[in-house]
Amino acid sequence: MEKFVLSLDEGTTSARAIIFDRESNIHGIGQYEFPQHYPRPGWVEHNPEEIWDAQLRAIKDAIQSARIEPNQIAAIGVTNQRETTLVWDKDGKPLYNAIVWQCRRTAEMVEEIKREYGTMIKEKTGLVPDAYFSASKLKWLLDNVPGLREKAEKGEVMFGTVDTFLIYRLTGEHVTDYSNASRTMLFNIKKLDWDDELLELFDIPESVLPEVRESSEVYGYTKKELLGAEIPVSGDAGDQQAALFGQAAFEAGMVKATYGTGSFILVNTDKMVLYSDNLLTTIAWGLNGRVSYALEGSIFVTGAAVQWLRDGIKIIKHASETEELATKLESNEGVYFVPAFVGLGAPYWDQFARGIIIGITRGTGREHLARATLEAIAYLTRDVVDEMEKLVQIKELRVDGGATANDFLMQFQADILNRKVIRPVVKETTALGAAYLAGLAVDYWADTREIAELWKAERIFEPKMDEKTRERLYKGWKEAVKRAMGWAKVVDSAKSN
């Protein structure tokens with residue numbers, strides 16, 4: 001009987017389930033969206049029951065579309081939107097909505113903590129204190145949900161990120177992995193344990209915390225009434241770390257970029273815990289008794305800039321049109337677009353930056369705007385890669401995400417980086433990474449060497465641009481960024497006058 005691995009890919013807007021075989025081929029997919037809830041401006045929540053319902057339906061659809069029986073599934077891997085914070089009781093019943101990673105309700109609280117404890121938090125967790133991470137969200141829940149802190153003190157509350165909630169519902173086990181724990185701002189990435197000083201700082205009782213395990217081991221077995229079989233749940237990693245694993249980036253210096261609404265770039269630093277002023281240090285995964293680390297750069301707006309061309313100023317109807325428009329021009333004739341709609345992420349970290357389009361003349365048309373948008377994505381990626389290069393030597397960039405279908409963008413990315421950009425055959429690298437981690441735990445795959453041999457390039461984009469042109473274009477980009485930075489402060493100052 002042929003066996004398969006099931007990957008659960010729980011994102012910010014939808015829950016997906018994908019079934020892979022030993023050669024990494026996809027046999028079945030299920031996907032269901034779930035609603036976002038916005039109770040106040042800047043607040044973002046999910047209903048955990050809606051997440052669970054969407055995930056369970058996606059699993060059943062994937063099994064059905066693959067035309068297999070549940071007992072043909074050798075293992076289940078979980079990957080998830082990171083940082084999103086949930087609390088539930090011992091019966092698995094949610095005690096409040098999930099507070100989503102995008103939610104800014106704790107921004108002021110974190111700013112106060114950052115002023116006094118920012119350096120200490122960065123040294124312990126590798127993270128720059130921000131409302132993005134789980135610690136302040138959990139503190140808010142304990143302080144604001146009636147009766148929750150009292151229940152927590154009695155050991156009746158369980159906290160976790162989305163992976164932990166799904167694994168608890170599937171198996172009854174309260175666990176997470178190193179990669180997800182490292183995004184809570186409560187986990188000491190050197191000691192590999194919850195940090196007492198941080199728990200005290202955020203006033204969080206240890207009893208609510210899950211057990212932290214490796215990213216590839218059997219955490220438990222699915223309850224038979226759910227799927228009709230007891231299947232080992234044996235892989236767990238946050239979405240960006242799972243994508244790094246799915247790209248078979250197992251050695252130091254191997255880097256991947258995921259192009260989505262924003263972009264995330266991770267470089268494997270292996271056993272080295274490296275610190276950068278402008279990048280996050282995080283755990284990539286725990287495997288076979290050792291932990292691998294990574295540096296991460298988060299870019300807030302990339303694909304969202306293309307969506308703005310479509311939905312905001314309506315100069316395109318489909319994202320794919322940008323490639324055709326961009327290739328109509330031999331050059332962009334000095335037009336730059338800095339898509340700092342919500343500030344700039346790595347390596348600038350300027351929340352007061354705002355979007356600008358600069359270099360416009362009477363001859364500027366929608367071709368220039370489309371091209372400037374795609375070029376901005378590549379420039380922003382180079383900004384992060386250059387920062388990584390200060391600490392780690394980088395030879396090539398492996399890419400995934402929807403925008404990788406755009407050949408103009410991929411070629412320009414190779415040109416502006418002066419490095420190969422490699423697009424893999426299997427585009428579902430996040431789900432594939434979780435599947436690999438699950439399969440390794442049950443000997444479905446032997447080791448990472450076998451997985452590295454399975455990874456195949458669909459196309460390699462070689463740099464073609466001469467150095468003089470490349471550096472002239474990039475210098476123009478850096479000048480454009482300077483003009484975008486701090487713009488919200490300029491506007492506020494003008495208002496107050």
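Start at 1 and count along the chain as shown; that gives each residue its number.
Cβ atoms here come from the backbone N, Cα and C positions, even for glycine.
The ATP binding site feature in Swiss-Prot is assigned to THR12, THR13, SER14, THR261, GLY303, GLN307, GLY402. Under the three-state DSSP scheme, GLN307 (ATP binding site) falls in the helix class.
Per Swiss-Prot, the feature ADP binding site maps to THR12, ARG16, THR261, GLY303, GLY402, ASN406. For the recorded site, THR261 (ATP binding site), the DSSP three-state label reads coil. Residue environment of THR261 (ATP binding site) contains 16 other Cβ atoms, counted within 10 Å of its Cβ in all protein chains.
Under DSSP, THR12 (ATP binding site) is assigned to coil, being neither helix nor strand in the three-state scheme. With a cut-off of 8 Å between CB atoms and residues at least 6 apart in sequence, the same chain places GLN36, GLN81, THR84, VAL100, TRP101, GLN102 near THR12 (ATP binding site), listed in sequence order. The annotation sn-glycerol 3-phosphate binding site is assigned in Swiss-Prot to THR12, ARG82, GLU83, TYR132, ASP239 on the grounds of sequence analysis.
Sequence-distant neighbours of TYR132 (sn-glycerol 3-phosphate binding site): residues of the same chain at least 6 apart with a C-beta under 8 Å from its C-beta are GLU83, TRP101, GLN102. The glycerol binding site annotation in Swiss-Prot covers ARG82, GLU83, TYR132, ASP239, GLN240 and is backed by sequence analysis.
Relative to GLN240 (glycerol binding site), the binding-site residues with Cα atoms inside 10 Å are ARG82, the candidates having been SER14, ARG82, GLY303, ASN406.
The binding-site residues recorded for this entry are ARG16, ARG82, ASP239, ASN406, and the Cα of ASN406 lies nearest to that of GLN307 (ATP binding site). The binding-site residues shown are ARG16, ARG82, ASP239, ASN406; of these, the one with its CA atom nearest the CA of GLY303 (ATP binding site) is ASN406.
The glycerol site is set by ARG82, GLU83, TYR132, ASP239, GLN240; from the centre of their CB atoms, other residues of the chain with a CB within 8 Å are GLN81, THR84, TRP101, ARG183, GLY238. For THR13 (ATP binding site), the same-chain residues lying six or more positions away in sequence with a CB closer than 8 A to its CB are GLU33, PHE34, GLN36.
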